[in-house]
Amino acid sequence: KASVGFKAGVKEYKLTYYTPTYETKDTDILAAFRVTPQPGVPPEEAGAAVAAESSTGTWTTVWTDGLTSLDRYKGRCYHIEPVAGEENQFIAYVAYPLDLFEEGSVTNMFTSIVGNVFGFKALRALRLEDLRIPTAYVKTFQGPPHGIQVERDKLNKYGRPLLGCTIKPKLGLSAKNYGRAVYECLRGGLDFTKDDENVNSQPFMRWRDRFLFCAEAIFKSQSETGEIKGHYLNATAGTCEEMMKRAIFARELGVPIVMHDYLTGGFTANTSLAHYCRDNGLLLHIHRAMHAVIDRQKNHGIHFRVLAKALRMSGGDHIHAGTVVGKLEGERDITLGFVDLLRDDFIEKDRSRGLFFTQDWVSLPGVLPVASGGIHVWHMPALTEIFGDDSVLQFGGGTLGHPWGNAPGAVANRVALEACVQARNEGRDLASEGNEIIREASKWSPELAAACEVWKEIKFEFEAMDTL
């Protein structure tokens, strides 16, 4: 209200931005922040500061405030609760009016909500735990290029998880040797093989050579097995133009799927690639390289469930989501929380799984979670039980480390998977009978028996960092 007169000076954020009586709207974007204030800063002031600095506020009153309606545009901290078991930590809930965000831009959403506020001096640490994306905003995104059902129809594969394998050593192979490794894995029974996230176009293997040899491997293995095969050709590049050039070449080769590193490549590049993939019938596999830099600390950063939601909006058909049982981080309930966020249309709020809000995706296609990292045949029953049919299970070392080579390694994994799916369909309990199911299957498959022998004692047992 300009008529009241402009009063210069610094005033507390909580006078304007802490509104405990606010009723959230269906169109608001809601955020749950884990706030650790500096000593002496009350939680209401800290929560209000987060709301202010991530929306309309700045450190002092400015006369141009009178030229707009702050009540319409400001973020509001509407609820604060202490974190159980932690000293001086609070969950601050902030509501943002939808008008603050550009339609269809994950980039703009993150620039607003987490762009500036994390360096704020009044806070010791800050973590974005969850976002509620309103249906009105969801509808401005294309989302995944195809989604789970369309992918199954394209591949003609139903009723079981899909099997993949990352080609190792990740760096140093020539294109022809790389293509040979791909062929052996696909020929042995895998559905997919994968470029490692840091395989782009290096001196020892330029991207075009790799694409050609991998395409040859795909078509040769398809003709021999009668199954549709794919290799995640990594299109990630130094510029968006180069990335698109690689995706276009993949489409010209007639392969089914390409890949992108969405955090290092950036959301803008990722969304462009996702749009191209839908328009041209390519599936899009997403790797989350760099995620742990952002999500591993418990009290600072962004939780992966938020990055997973952002990916579903930006677009991708697969995304790596931890394993719960392998060598990489992932606590079971929390992991399953964001796995459901990726796959389901509607997910209820459930704090025991880290879900702070109910999320309605209104017909945005689902994303297949990918379990990858330090897993082998003995993990197959647990993975089948935990992730269910709509998932991709990726065994890199667990395929290529087989004593007889890549193709027998692929056979071992496929036999183990088929045995677990059959046992589950017959009503057996994979959690308690898993080892027995694998042992029974290995009697009929020398490849599986050899794999069981090699990896019988390997475990990666550490406490998960990410607890509720």
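Including glycine, each Cβ sits where the backbone N, Cα and C put it.
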Seminar exercise, completed: Out of S69, S221, S223, S372, Swiss-Prot lists as part of the substrate site with N116, T166, K170, R288, H320 the residue S372
For this session: Rounded to whole angstrom, what's the largest C-alpha distance between any two of N116, T166, K170, R288, H320, S372, listed as binding substrate?
Result: 37
Seminar exercise, completed: Same-chain residues at least 6 apart in sequence with Cβ under 8 Å of the Cβ of R288 (substrate binding site), in sequence order, are D261, Y262, L263, F304, L307, L311, I319, H320
Exercise. How many other Cβ atoms sit within 10 Å of the Cβ of H287 (active site, proton acceptor)?
Worked result: 28
Exercise. Within 10 angstroms of the C-beta of K168 (active site, proton acceptor), what count of other C-beta atoms is obtained when all protein chains are considered?
Worked result: 16
Exercise. Can you check what DSSP calls R288 (substrate binding site), collapsed to helix, strand or coil?
Worked result: coil
Exercise. What is the separation, in Å, between the Cα atoms of S372 (substrate binding site) and K7 (N6,N6,N6-trimethyllysine)?
Worked result: 58
For this session: Write down the Cα-Cα distance for K170 (substrate binding site) and D196 (Mg(2+) binding site), rounded and given in Å.
Result: 6
Exercise. Roughly how many Å separate the Cα of H287 (active site, proton acceptor) from that of K170 (substrate binding site), to the nearest whole number?
Worked result: 14
